[in-house]
Amino acid sequence: MALNVVILAAGKGTRMRSDLPKVLHPIAHKSMVQHVIDTAHKVGSDAIQLVYGYGADKLQASLGEQQLNWVLQAEQLGTGHAVAQASPHIADNDTVLILYGDVPLIQQSTLEALLAALPENGVAILTVNLADPMGYGRIVRTPCKGQEQGKVVGIIEQKDATAEQLLINEINTGIMAVPGKQLKIWLSRLSNNNAQGEYYLTDIIAMAHADGVAIDTAQPQSAIEVEGANNRVQLAQLERAYQAREAEKLMLAGANLRDPSRIDIRGDVTVGMDVMIDINVIFEGKVTLGNNVTIGAGAILIDCEIADNAEIKPYSIIEGAKLGVAASAGPFARLRPGAELKQDAHIGNFVEVKKAVIGVGSKAGHLAYLGDAVIGDGVNIGAGTITCNYDGANKHLTVIEDNVFVGSDTQLVAPVTISKGATLGAGSTITRDVGENELVITRVKQKHLTGWQRPVKIKK
């Protein structure tokens, strides 16, 4: 039996006040609908039907390369009508899981619990109990005694509910699992004879009860999982909830967060033990932190690997880079893609490294640019040093071998190799290879002019 996931994503989202389709608004730098798609994959979906409407070009530009079956809902006539558009792509023996593109925080474990609750040839719906259920469809059950729950007999929408039904605090989330054959039959029976004039997907629950089909329920661990975002205030609330959840995962994995409410996780972060993360740190993409790593305030880490005992000092940007054991960068350092710091290497403030390897114990303390370079072990790079790697058309490599000392304000015009043990005098411009243990100085000879007078300001 295949798992066929239907994701409803046709709404415009008028209250967002945006040209962007509602489901493309981001949580943690990823669109809401992408979160839902990713979770659908995690539960083992065999096919995903994406029901779309408004903003088709933008949706396809964002999601087009993925394995999705695009299903057009030309008119938005309700959730039942939306799912009905996907009917031709649903086999009788499919299990159909219905999700919503603007409910991004739904968890894999919750959907697995829902599918586990699915009776044979029956229906499983995801419900939640709210202290204030205003605006939501209510779960109607048969009367029962004591603490036992009655059987689900239907779902009544807020606008169609009686005064007694409005007292029910178990609400419908809209998420459900349904056998494909029965779903198609029930969808064909839907009517829009209701206060909204829409085809409610929820009406199939009453049909299932009338047909004698078993209906079971499951509930999420937290109600926030099933909340949607209809405006930017709600979007921000979901963002904070997502960040709180991700911060908790890091702490449980061994990270110490100086303030869990001041961290942004916009990707997948893996941490070792005794990691220290200061405030206002941003993680994007895939980031791995080893044991005893320290991340300073305001740092930004993007798609990088940080080994044990390494330190990222405040306000550094580390992107597509690797730091070895006990290496350090910052404060205010920038490591661009292809940068690699070996064990005990140090990159200091206002140093930029791009597509360069910095060897064991080597240091560039301040105010340097190191691009397209291979730097050996035990090298000292003086302040103001630049690898001149670009000739206006092509990039060229600078090689600095072990134990080289580069004086301040040195320009290395690539391609060039500085051999082991060489010393480059401050202010030099190096255009040719340097041999082992050589001292090279290219600056202009110093002149002393006696009797020279400094200009004075002319009084007007």
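Backbone N, Cα and C atoms are what each Cβ position is placed from, and that goes for glycine too.
Database features, via Swiss-Prot:
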REGION    1-232  region 'Pyrophosphorylase'
BINDING   8-11, Lys22, Gln73, 78-79, 100-102, Gly137, Glu157, Asn172, Asn230, Arg336, Lys354, Tyr369, Asn380  UDP-N-acetyl-alpha-D-glucosamine binding site
BINDING   Asp102, Asn230  Mg(2+) binding site
REGION    233-253  region 'Linker'
REGION    254-460  region 'N-acetyltransferase'
ACT_SITE  His366  active site, proton acceptor
BINDING   Ala383, Asn389, Tyr390, Ser408, Ala426, Arg443  acetyl-CoA binding site
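If you take the Cα of Ala383 (acetyl-CoA binding site) and the Cα of Gly78 (UDP-N-acetyl-alpha-D-glucosamine binding site), they are about 65 angstrom apart, rounded to a whole number. Spanning the listed acetyl-CoA site, residues Ala383, Asn389, Tyr390, Ser408, Ala426, Arg443 have a farthest Cα to Cα distance of 22 Å. Residues belonging to the region 'N-acetyltransferase' (254-460) score a mean pLDDT of 98 in the model. Residues 16, 25, 27-28, 104-105, 224, 227, 260-261, 263-265, 269-271, 275, 277 of the same chain sit 6 or more residues outside the region 'Linker' (233-253) yet have a Cβ under 8 Å from a Cβ within it. Looking at Gly101 (UDP-N-acetyl-alpha-D-glucosamine binding site) and Asn389 (acetyl-CoA binding site), their Cα atoms lie 47 Å from each other.
Distance noted between the C-alpha atoms of Arg443 (acetyl-CoA binding site) and Gly11 (UDP-N-acetyl-alpha-D-glucosamine binding site) is 68 Å. Here Arg336 (UDP-N-acetyl-alpha-D-glucosamine binding site) is positioned 22 angstrom away from Ser408 (acetyl-CoA binding site), judged by their C-alpha atoms. Reduced to three states, the DSSP call for Ser408 (acetyl-CoA binding site) is coil. Highest local Cβ density among the binding-site residues Gly11, Gly78, Gly101 belongs to Gly101, counted as other Cβ atoms within 10 Å over all protein chains shown. Counting in whole angstrom, the residue listed as 'active site, proton acceptor' lies 64 from Glu157 (UDP-N-acetyl-alpha-D-glucosamine binding site) by their C-alpha atoms.
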